[in-house]
Amino acid sequence: MAPTPLPLEQMSGVGGYLPAGQEGGPRINTMSMSMLIDFIIQRTYHELTVLAELLPRKTDMERKIEIYNYAARTRHLFTRLNALVKWGNSVSKVDKSSQIMSFLDKQNMLFVETADMLARMSRETLVRARLPNFHIPAAVEVLTTGTYNRLPTCIRERIVPADAITPAEKKQTLLRLNQVIQHRLVTGKLLPQMREFRIKNGRVTFEVKHEFSVALTVMGDSQNVPWRLLDIDVLVEDKETGDGKSLVHPLQVNYIHQLIQARLVENPNALSEVYNCLHYFCQSLQLEVLYTQTLRLNYERLDDNNITVEEYVPGVKLTVSYWRDLKSELGYRLTVQSDPSEIGRPLAVVHVPSLGAKESAEVADRAVRSEHLSMERLIVHTVYIRSVSRLSDLKLEFQAFLKDVDFNLQGTPAILTVPVLSPCLRAEQIHITIDTHTGMFRCHVPKHLDCPITDEMQEALNGDRSKLPSLLSELRYWITHRRCEKTLQHLPATATDTLTFLTQPEQELLQQGRHKIYVKLHRHPNIILVVQLKEKSTMANEMEYTFHLGFVAFQKDEADVIDDSAKQLVSVVAQPPSDIPKFFTKLMRLIEFDTFVATHGPGTEVDAEVSPHKRKSTGDILAPPAKQQKTIFPAYFIPELAHVVAMCDEKIPFMNLAQTLSKHNIPHSGLQVEANATSLVLKILALPQPGKSATAAGQQPQQGAASAAGTAPPSGSSAFPRIEPHVWDDLMRRVLSISVRSQTNKNSQVRIWVVEFVFYSTPLQSCHPKEQGSRRTVYLTYEQANHDFSKTVEELLNDWSKIVYLYTLVYDFAEQLRNKRLALCDMLVVKSYSYMNLLLGYGPKKEVSCNIYWSVQSHGFRLTFVGGMSAVNAHSMMRDQLAQHLNQQHSLTQIAQILHETYNPMSSIAKLPVLPFLGIPRPQVPVLSFCMLAQSPCLMRLTYQAVYCLELRFRANRLVSIRDGASSRFERNVIEEFTPIQGLKAFLSKYVDESAAYRGRAPHEDDNPLSPIGMEDNYGGPSSVTGVSAGGSSPFLGAGMRGPQSPRDSGLRFPAPHTPPSSSNPHTPASPHPSAGGGGAAQSHGNFNLTSPPAPHMPHPSPGGLMPSSPLNPQPSPHMVHSPGPNTLYMQSHQDSPFTAMSPANNQWPGSPSMPRPSPRPGQSPEHKSTGGSVVTGGPDRGGSRGTLNRPWAGAVPTLLTHEALETLCRPSPHPNKDINVTDMSPLERFLGCVYMRRQLHRNIQNEESLTALNSTEPGVVLFKVDGLQCQVMLNQMHMQTLHLKITQLPPPPDKPTFQLSPDDLLVIEQYFDTRVAAPPYRPNSLHSICRLLNLPAQVLKDFVQIMRLELKPEFGGDQLKWTVQMCMRMPPSAVPIVPSGNACVVLGRMKILFFLQITKIPFNGKDWKDSPSLVLPIVYDITMNLTQMAERREQVPSPMMTAASTLLRRFSEFNSQQNQCSLFPAITDLLTNLQLATDMPQPPPNQAIGPPVGVGVGVGVGIGVVGSSPNPMMPMQQLQPQVGPQGQVGPGGYPQLGPNPGGPQ
């Protein structure tokens, strides 16, 4: 607002007058804007500073009010300033007018003021104008001389003070006055009480302690000048109730001052008069203070029964009585009084009954004649002296019947301590004191405040003192009981005074009384220790202890009969638990200990007493000195009791164990004390042989136990190793000693048995540094907490069986290890052999380990495998199978060879991933990628995603046979849980090494029959496993064919041939004899050791002539029959497949047709021929014929691979297609993934009505067509690890022209399928998405192809794109949850297409891709309306970036002018070009997380290249507009009308 002009009267200048030169200046009362702003800022800052200083002193509400007022004022002020500044912008024109008006106003005011001033001068000033009369002489004097001497004298005297005396004169006067005072004191009469004085500064100060202080002086040096009283200070104080205030009022002091000053005039003994007056006043004041304190003490803290004021005469005496409860004739009282004989003496204290003069004077000095005047201190000190006197009399009475006892009387208040025992802690002594209020005796024992005897003793002290000796004896026994409890506090025992006897025992010791205690041993509930207590006759304060060991039993009532076995340490017959608890105790036997023997045995100190008059002998020189340092125990600790309890607790378990060993017929040497008395030991002389250790204690033969446990071996073998006599003798010679000791576990504080076996060396030398000596020890531990000693002995025998059984293996293995022909030292190394465990190291660097030990629970050997620093131990997968083989063969040599020969293939198999994956069969069901199932030590099954199964058999000569595990090895049908792997034979044939198949055959072996250790042996080791003959049989040799039962013949299918043998490899040359039907390809199974026909005496038909539908004999005839296959998926493209016809062999195999047979599909090509009729007559065919390798059953025939080939097959390696940038996978996983994807594609074609399956003449090729396109999916025949799509454009019908895709578009689809759909990880839902895209109209598919091209080649987008795009084939978890995660995310329905795009911000300025934000956008394209927009959920709040993308797509659809073309790709291009990233983008909701690209093959920079090449280069971005086939409006949006979409969401 504009400033308000002031009236003229308030303007500057005299009456508004302006000085000359300012008439033309600016108007009055104006100010510059800068100065105004400075003033406002200064005012605001000043108010803020004041506010900050004052606010902390105010309340919270006041602070809020002040802050609000300050904010309102400041806001109002700056609002006015803002309005003024805005107004000032347009004030230029007003300024000129203002200056003119200002000049005119100044001129006007100048005339008006001039007239007013002239009128005022003429009317007021000039009327009274006169010249004054000046004082000329005074002015001249002041101006000339600078002084004024004409002031009157009366004024000078009243105003100007007189001159003061000098300090020297003052000091001289005070010294003279001190001399006068000293002379007056010397010549006068001075009382003795006033001899303490000091003269200083002309005054003398007298001080009487605890009474007063007075200062005097004289006014002259004449003897007649009286003393002048200057100051009086009363020194009497009441520090307890006065609160530091003066006890005398100033008026009282003034009155005394005047009184004494009046008596000093003309008084010859003036100083004596001063003392008498003040002394009487101070003594009266002291008595008044003591009386007041007594009344207050009686009123506030004590009562009339404690202290009472009997008489009080002010200024004379005060009498107080105390201890009124005591029946004293005279009573106890004290009197504080002044001395009547001599008035100058201080207050005196008189005691009744009288105290000594020394004690009475001490009391007075402490309480009255001190600075602290206190009646309480007077009474307390009096009571203390009285207490010491009474306690001294009591001490004399105690000394009469307690001899040689040290009594102690000390402390404040006084305490008399009486020792009860010797030695005795001070806390265990009787503390006797006197109650200060009542004067009664009080006694207690500080350590035992709950002692019931102290009350009786206190009554005896205050009454009949003849009972004190008996009460002291009772207290002595009671404290001894507590000492016993304290001693046993940290021992496994509990002390009690009584036991719950149903009938009182007859022994005199156990009768009622307090002179014994019962000690219950925690670890031995049936044993008690009775401790008898006695006082020594020579020294009553010392105790004697006698120990008795009692055996007790528990009963519930009198009718409960106790067996005599309770008298023994270990009950022979275990008593069953009773429903009724047994509370009562019955003593069975009582044994008295010799206390001296029990406390002076091994483990105790040596008592050496040497007579002082006896000379030391020569033998005593080596003995320890007589004054050896004794162990100092606390007084409450009873070493004899602790030693006996510890001895019982330690020896009773040994006695129980020894009795149990005797019951098990195990000889021992009894309990002994080791050398140097270190511990107790129980020596076992011998242990029985494990197979003969069954006793009458309830043990069963271990063979039966093995059968009961379900681990009984097959017939023909023994469950336990046979212990040869020479092996047992050798072990017995090596056992040096077996010792049993008892120790305490440091961690759990539980007592355990430690059994020490000492052996002499071992038959098997190890490389462990601690196992190089000839003395070997084995320590076994057992718990003692269960009190079951039979169980402990059984556990000892079980551990002994572990040693013996492992020794039987090691004894034979040591001999074979020393045999250099077996070369076992090159296979493994013995890391450790501790008689309980055998640790073998094997592998290339001998870093993986196998631990072998005997398990009592499973009644057999167990194996545990541990990996090394740089390798894992893959044998853990077949741990149970190896253990079963060892328990059947009992040969460590075979185990060593198996471990050595199977290490490499098992390590290769262990490299396969076993992680669970989601989204394989169903999105929420996890499935293992690979699962290893060991069948036997040399037979392993691998399952892939619970669909496919591979059977691996480890052979000799570093060979492995692999076959399809879906084909049964016992029957001719297919296992229901698995699916045959199509193309497995052809894939494995690429890794076959032909030279390795012949390495196992030496030239001289042609004339000799095969050994059971051939390539077809089950284990490829020195021997085969008994009872696993089924592993060597073939599913294609008839239902009656079973392997031999002999453990050495499981690998031989036929008797020894008379023809030269050949390799069992199916790729070796066939024998000259032809197969039945002329179509055999000489395919032999893994269990055929030779290729010649079997002997004619075989109990079953020949596989060459009596198996018309066997997979080993493929028939070229179109009418051949075959057993039903595992799945019809692989046979639908073969018109002459044997699975499409009825099998005539059902009468031979009634259970074989386990799956339905599909009917022949129509439209099969008549040119389709069978490929199984070729006959191999030449040399070895590496892969067999093409038709044979591609047959569905070809994988059931084993294929031999080397260990190196298996390592290549299982080791992760880069993808063959360099354009697919994924994690390294093994070739086997890629092959199985492609086969699985091809199988899922075949099933998808059958389930989708929009896809039409076509017949293919090539095996393993999926051929189908969609609208206008024919698609062919096949494996890459070079490596069979990738799937490829080949699309062919079908010619359009002549009557209906359709939109045609260019060859470049088809190439993009093929490249996208190869790098994004059929790439790892292999997910079938990606196939669903691509199939639904192929089923779209050609115009829409063209735009999707453009998006695929932009994803494959981001550089074709040019520099204008700010985002990269990837099309999602599966639903990512970070997208809006429209479709379940993992499902196919391309959904068709109601002429609309829902798909998901992931866009990623292109980094600029050198940023990394990982820092770029990414979005997953759900896009909906409406085919009918030609509209592209985002799919949104109403119940969810979208993120700002999703909202921005939706706005861009909506704006593009509104302003899109090209209605004759598909809007999908242009809308996506516009979105990638114009979508801006908000700098402060908030966090997205949980279901729309911003992160890196999801899925496989959708990452930025992943798969930039393409598969193959096109003759024409891809079109640039300017040419990516789709070409619309028909011109003109055919349907809405320029598209032909389409029917209902058959490919809706599944």
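The backbone N, Cα and C atoms fix where each Cβ goes, glycine too.
Fair warning: this is a prediction, and the values are worked out from it, not measured in the lab.
In Swiss-Prot, the feature region 'Disordered' is placed on 692-717, out of the ranges 484-509, 692-717, 1238-1263.
The list of residues near the motif 'LXXLL motif 2' (468-472) in space but at least 6 beyond its ends in sequence, with Cβ under 8 angstroms from a Cβ of it, reads 397-398, 401-402, 418, 420, 430, 453, 456-457, 460-461.
Look at the motif 'LXXLL motif 1' (51-55): DSSP puts its residues at 5 helix, 0 strand, 0 coil.
DSSP assignment over the motif 'LXXLL motif 2' (468-472) gives 5 helix, 0 strand, 0 coil.
Within the model, the motif 'LXXLL motif 1' (51-55) carries an average pLDDT of 91.
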